[in-house]
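Read the structure below first, then the notes.
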Amino acid sequence: MKFLAFGLIYFHFCILNRCEYITSSTIQKCYNSSNEPNNCSQKAVIVLSLENGQIANTEQVVATLNQLSDSGVNKQLQNSFIFEVTKSPVTALFPLIYLQDFNSQPLEQVIATTLFSCKDGFYDSSPTCKFQYDSKGQKILDSQGYCCYCSLSDILGMGNDLSRGKVCYALNLGAGSATAHCLKFSPLWYSAFKIQQYQLYFEVNINIYTVDSQNQKNLKQTLKLSTSNPTMKSSDNSTISKIIGTFTPTQPPADLSSYYLVKPSFPATDPRVLQGISSWMFVDKTMFTLDGTQCNKIGVSYSGFRQQSSSCSQPVGSCLQNQLENLYQSDLILLSQNKQPKYLLESQGNFNQVQFQGQTILQQGLSGSASTLITIEIDAAQIKFVTNLGIGCISQCSINNFESHSGNGKLVALVQNQGNYSAEFVLGFNCSSNVQPIQGQKLFLTANQLYNFNCSVSVNSDISAINNNCTINLYDAIGNQLDSKNILFNTTSTNHTSNQGNNTGQQQSSQEYKSSQSCSDKCSSFWSFWCYFSAGCIKEAFKSIASIAGVASALALVIFLAKNGYLVPIIRFLCCCCCKSKKKENEKNKDKTDKKSIQESCSYDRSCCSHSISQSYQVENKNKYKRSKIQRSFSSESCQDKSKKIINELSNLEETFEANKLYANIDKNSSIFEYFGFKKSFTFILYERNDILFLPQNSTILDMIGALQPQKGSYLAQKFLEIVNKNALKVVSTSPLYLLIE
């Protein structure tokens, strides 16, 4: 067996005309098969790490076989081989499975009608909203919508509840007393797709050249590797190439397992359909109703719209929120404010649609490092590895001012390859401590290419900060720094919000979703007995009819009593009974309070009532004849006579004004005489303790009497003051009023 000796293997790192050589080793490998037993040959195995996004001539492998040893004699080969290896950008492929179509914006149509003409039954020949039919010509269940009627309380002018889409007027049974609510669909429809688990995909192209004695390079053949075909062999069996594996990307693909992909699909002439992928969206699966039975979700159907809970007491459109059109328009607003959208594809990364092996695929480009190991086994004696070192600069760079934790920070940098060769560059970032680290990026630029690089920027602090800084460094493939720029930017404090009230938001009421509807849910008004009948709620229907009959009977009775003159006397009788009962209770409470006040406030010495004697007399009421014993205690006959005279005059004064209540009693323990008189607002209490007559402060005529201004008072006050003056009563105090008998 011949022994083939290798020469040295060189790796060339070239910058224009300057080259650096690094030695490498070789390995020996034998292949043994049943067809060619013991067929051993010496191979050179080249292991390469290819980065993501490398382009033609960025990384080139040149292998030259120049000599071998035969029986100890070295022989120079006339021809050599050259291998050029390139790798396409790494992408993530997401297979799509069609789910179903969804309307962009379901709409509610409101038709004004009357109580007797609105029809929404499934067996009605011509319901107000009309029926919709499927492709087989069959009526679609619940496509007839539903009717809402003004309730009895609305017709009587007493209703104050929200009525869906209608304005109910008192005594109106004509147009506007009922409305029909119909579900209509907008012209634009979206197609939804399930998103499958991603697969990484890239291609590696290996060009094999031969170089003759005239140093002419001739293409011999091309090997094309991919994730679908990881191993290839040249036609002359001189070269074998394999993909060993790919490292996990430093920026992995987006996790789309919880989303549906939706894209405008028809009509084909719709402007949004013609926009292509820029109008596609990722929407969370929880925002959809696949059976159409849930309100305020994408895909709500006729049944979901018609069977919504308490439909007639909800605002118009209450079941048709959070639709695809709403999501799209909200993202347009965010984009107009230079903010990140929530649903459009760019919210998750850089995506495209491709056809792969006859299947519709969603493709995401990966911007981070995703190194791939490949091997090339060749019959060679010397290998040169060439890497172009570029010359580049950062022409522009900036970071916008943004709110902390808002996700709206963005770094933009323009990087240019100023060399004449395609080359690899590395961007490194060094930022202040409160800025979250930014991942370094590898760039592969063609000659004189200007590349616009951007990435998001975040800070770790909630508070505002001035002059945050980030330094951007540009390196070549072996770490030589080519350029450096420093960026200053400001951040504002985080704007905290809440949906639970106080200073940060408005409290929102919770919503309960019920799996089944009760009779009260199906019919918004208790008085709508026809609604209960149509819903099969017979018991509730009879309750409603009985209540209506009761109200009608009560109204008829009131009208009858009023017409025959009985209503006013009955009302007066009831009011009188109520007022008397309440007045009696108030006077009892007032007696107790005033007694206690007098006992605590009066401290005058007894002047004429030192000896106790008993006397009783009768007080007669004009309307009701009652007799009460009045026990008085006086120390002298003159004091007794004078006090009795004053009491009699006051009694006569009350009789003059037709008081409807008069009584007197005596508290034996405190010797307080209580006199009650004057009906309604003129009621007052007159006390006598020893030689002092007291009028409580809460008397309605106290201000007039206490100020002793009869010219401003009523006739009653003037008469009272005449009694005071005639009997030479001395005013001791006006608030409260104390009258001293002299």
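Just so you know, glycine gets a Cβ as well, placed from its N, Cα and C.
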Query raised in the report: Do you know which of C295, C312 Swiss-Prot records in a disulfide with C319?
Result: C295
Report summary line: Expected hit for region 'Important for membrane fusion' in Swiss-Prot across 40-67, 152-179, 656-683 is 152-179
Report summary line: Candidates C470, C519, C523, C531; Swiss-Prot says the disulfide mate of C431 is C470
Query raised in the report: With reference to Swiss-Prot, which of the candidate residues C118, C129, C312 participates in the disulphide bond with C182?
Result: C129
Query - Candidate in C118, C150 joined to C147 through a disulfide, as Swiss-Prot lists it - result: C118
Query - Disulphide partner cysteine [Swiss-Prot] for C312, chosen from C148, C519, C523, C531 - result: C148
Query raised in the report: Across all chains shown, how many C-beta atoms besides its own are within 10 angstroms of the C-beta of C148 (disulfide bond)?
Result: 25
Report task. Let me know the DSSP-derived helix, strand or coil state of C312 (disulfide bond), please. Result -> helix
Query raised in the report: How big is the Cα-to-Cα gap, in Å, between C148 (disulfide bond) and C118 (disulfide bond)?
Result: 9
Query raised in the report: Relative to the Cα of C129 (disulfide bond), which of the disulfide-bonded residues C118, C147, C319 have a Cα no more than 10 Å away?
Result: C118, C147
Requested in this report: Restricting attention to the topological domain 'Extracellular' (20-540), give the mean pLDDT.
Outcome: 78
Query raised in the report: Once the chains shown are all counted, how many other Cβ atoms turn up within 10 Å of the Cβ of C118 (disulfide bond)?
Result: 22
